[in-house]
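These notes are about the structure you will find just below.
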C-alpha cells in the first residue's frame, strides 16, 4: 500500500490542498493564504467533491479575514459576509459549499459580543470543526452502507466520491475502505467519467493505492458489465439531494441509474446530511454548472473535435428519486417515500 493522499490539510496557518488536476501523474501539494486563492482552487477543481469544497471554503473564509485591519466589530462582520458571498460564486451546484459558508457567517453574526481577535479565532475553530466532522460523517456512512454489501460482490461507482472528494474515507467509497479493513474482497468497477475523468484519474488511483481491487471501464461499458452479471450494486456520491430525493451528481450518473434500474441492480446514493437540501423541492430547481468547452474537445492539449465545434458541457445531471433504492447518510439509510423520510432526518 502506498502513502495515503491527503486532499485537505491545515498547516502553518495556511490551507494545503492536493492539486487534483495533476493526478494521477504528479502528486503536488499547494498552500493557499488568501480567499482568492481558495476561490480559484475550487473553480478550476484543484479541490473538488462537495464535502471537500465545503471544508476548503470554510478555511477560505478565515483566510479572507485574518489580515483584516482592526476596526469595529460591525465592519468585521460585514467583511465576513462579503468573503462568504464571494466564495459562494466559485461553483453553484454543490450545496455543501453554501452550508459551510452559512455556518461560518453564523459564527460572526451570532457572536457579536466578541472582539475581532476572538472572532478570528472562533472562525478558524469552526473551519477545523467542519473538517473534523466530515471525517466522522464519512465513516458513519461507510458503516451503514456496509450493511447493504457482502464479501465478494461487484460494485460500480461513477466519478469520485472517495477520500479525495472529502477528508477521509469518502462517501461512496467509505464502505469499500471499511470492507478492506474487514478482510472482504469487493470487486470495484470505476467509470472513467467523461469529460474530466475523475473515475479513472482519482477513484482508481486512491483505491489502487489502498490495495482495493478496482477495474477502470469507459462510461459506455457500464451496460455491458451489468449485462454480464459483474455488478451487484451501484453506489455514487452526490452534490445535492432535493427534498423529494432527486439527486444531482456528476454528469453521467443519470444514465448509470437508468441502466441499473433496467438490469434490476440496486442504485445507492451516499449523502452526508449537509448535502441534503430540503429548501430545494425537486431536482428541477437545482442549478447545474456548465463548464468550458475545452474540457470536452481539448482535454489533453490536442483537439479531439474541430476547434469551432459547438459543445454542451453540463458538469452534473439529476437522477430522479424513482431510480434510487436508498440514500445512505451518517444518520442511517433512507428509503422511499423520500419526501417524508428525508425530512425526518432533521427532526
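Including glycine, each Cβ sits where the backbone N, Cα and C put it.
For the substrate site, Swiss-Prot lists 48, 49, 50, 91, 249, 250; matching the candidates 4, 140, 198 against that entry yields 198. Neighbouring residues of the recorded substrate site, listed in sequence order and excluding 48, 49, 50, 91, 198, 249, 250, comprise 53, 94, 159, 160, 161, 165, 237, 239, 315, 316 (Cβ within 8 Å of the Cβ centroid).
Between the CA atoms of residue 48 (substrate binding site) and residue 239 (active site, proton donor) there is a gap of 10 Å, rounded to the nearest whole number. All chains included, 29 other C-beta atoms sit within 10 angstroms of the C-beta of residue 50 (substrate binding site). Fewest Cβ neighbours within 10 Å among the binding-site residues 48, 91, 250: this applies to 91.
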